[in-house]
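Comments concern the structure below.
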Amino acid sequence: MGLNEQQNVPSQRKIIVFIVLAFIPIALFRLCFNNPFSSIKDTSLQDSAANVVITSFSSSSQEEESQESFDHIQDEPLCDYTQGNWVRDEIGPLYNGSTCGTIKDGQNCFRHGRPDSGYLYWKWKPNECDIPRFDSNRFLDLMRDKHLAFIGDSMARNQLESLLCLLSTVSSPDLVYRNGEDNKFRRWRFESHNVTVSVYWSPFLVAGLEKSGNLDHNVLHIDRVDERWGNDLERFDTVVVSVGHWFLHPAVYYESGSVLGCHSCETSNCTEVGFYDVFRKAIRTTLRAVAGSGREVILTTFSPSHFEGRPWDSLGACNMTKPYEGKVLEGLDLDMRKIEIEEYTAAAAEVRLEVLDVTAMSVLRPDGHPGPYMYADPFKNGVPERIPNDCLHWCLPGPVDTWNEIMIEMLRRWKV
């Protein structure tokens, strides 16, 4: 190689470097604004979202879902939360008998001296998903500027008071209305979010008279709803319905103004018809009444008691301290739930309706009732031979808090 050729090599190298450097900005520009991988990435994400099967509940503390995912969530079935087990939860409840001021006296097991606390440290674990802890801020956001009404018997009140305790951890409710014996009609306001929460005592949902000193049986008109809540129906955005146990009492039934029959009517001159069909018709009448106007309806299924065949005043009734591990639904509990599920299925096409199916999970919690601690310090004067027990309602805090953890998921899906 001659001297001139050797001198030309650096020049050629400079030209090549210059050309390469000139093309780098152009390549970068094309990658940024015409990236051939961008469409592949977007398509992959969209396909993934389209094929997602919802297997877990979500909460505001989890990663925010995209709008595309939200749109699809509406069409996907929820994980079956009705099948599962109670597992230990070391975190415990969000409130206690001292921090919540709206607990009915008979359900404040802590203040009434219940000595064990293990019943507080369980959570419901569905077989195929997880239920997030109750998010009070999320609930209030979902119900902003809305009116939520609980309608039914003392189990509806039990669930309501659980909800108030959960919400009061972030915002104090103001009692703005109360009426009736034992404050059976009450209304609260959460000014922070303009949320109204009400409870209406209506143990049959339909019109009727409750037994009293002058009446030894209930009277039900099963073809029209109870006006005590029916007259306020247009004020409600969301309704939670919960009844059942009052239908077991003696009653005379009317339909279209005529006597239909009765249940346990030893002194009445009418036909014994039982209560199952009447319970069904009462649920049906109610769901027809609340249909329309975009109103959201949640039907809470039958909540089992745990007297286990023992008298209500027997010593040791519902004195369990742990959940059952394998008890199955049967008898009354199974039949009442079956009726509610069937009526829910029939009405779902006409009503914006969800069923809060708590029967199976609740039958596993004999430890969650007040028992003798429905009254304060029941053994302060020793152990009596007979003592009143509440094996129906739930201690607060207690298993009923789980019902509201599931309910918030229903509200979230409605708001998507």
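Using N, Cα and C of the backbone, Cβ positions are placed for all residues, glycine too.
Annotation source Swiss-Prot lists active site, proton donor at Asp390. For Asp390 (active site, proton donor), the count of additional Cβ atoms within 10 Å of its Cβ stands at 23 [all protein chains shown].
Sequence annotations record features per position, and here Swiss-Prot assigns N-linked glycosylation site to Asn96 (among others) based on sequence analysis. Look at Asn96 (N-linked glycosylation site): DSSP puts it in coil. Counting only same-chain residues six or more apart in sequence, the Cβ atoms lying under 8 angstroms from the Cβ of Asn96 (N-linked glycosylation site) belong to Phe110, Pro397.
In the three-state DSSP assignment, the secondary structure recorded for Asn194 (N-linked glycosylation site) is coil. Asn194 (N-linked glycosylation site): 13 other CB atoms within 10 A of its CB, across all protein chains. Residues or ranges marked as N-linked glycosylation site in Swiss-Prot (evidence: sequence analysis): Asn194 (among others).
The N-linked glycosylation site annotation in Swiss-Prot covers Asn269 (among others), and the record cites sequence analysis as its basis. Counting every protein chain shown, the number of other Cβ atoms lying within 10 Å of the Cβ of Asn269 (N-linked glycosylation site) is 7. When secondary structure is read from DSSP and collapsed to three states, Asn269 (N-linked glycosylation site) falls in the coil class.
A simple way to gauge crowding: the CB of Asn319 (N-linked glycosylation site) has 15 other CB atoms within 10 angstroms, across all the protein chains here. Residues or ranges marked as N-linked glycosylation site in Swiss-Prot (evidence: sequence analysis): Asn319 (among others).
Here Swiss-Prot flags 1-14 as topological domain 'Cytoplasmic'.
The feature topological domain 'Lumenal' is assigned by Swiss-Prot to 36-416, with a curator's inference given as support.
The transmembrane segment annotation in Swiss-Prot covers 15-35, and the record cites sequence analysis as its basis.
If you take the CA of Asn194 (N-linked glycosylation site) and look 10 A around it, you hit none of the recorded positions from Asn269, Asn319, Asp390. Taking the C-alpha positions, the distance from Asp390 (active site, proton donor) to Asn319 (N-linked glycosylation site) comes to 10 Å.
Mapped onto three states, the DSSP output places Asn319 (N-linked glycosylation site) in coil.
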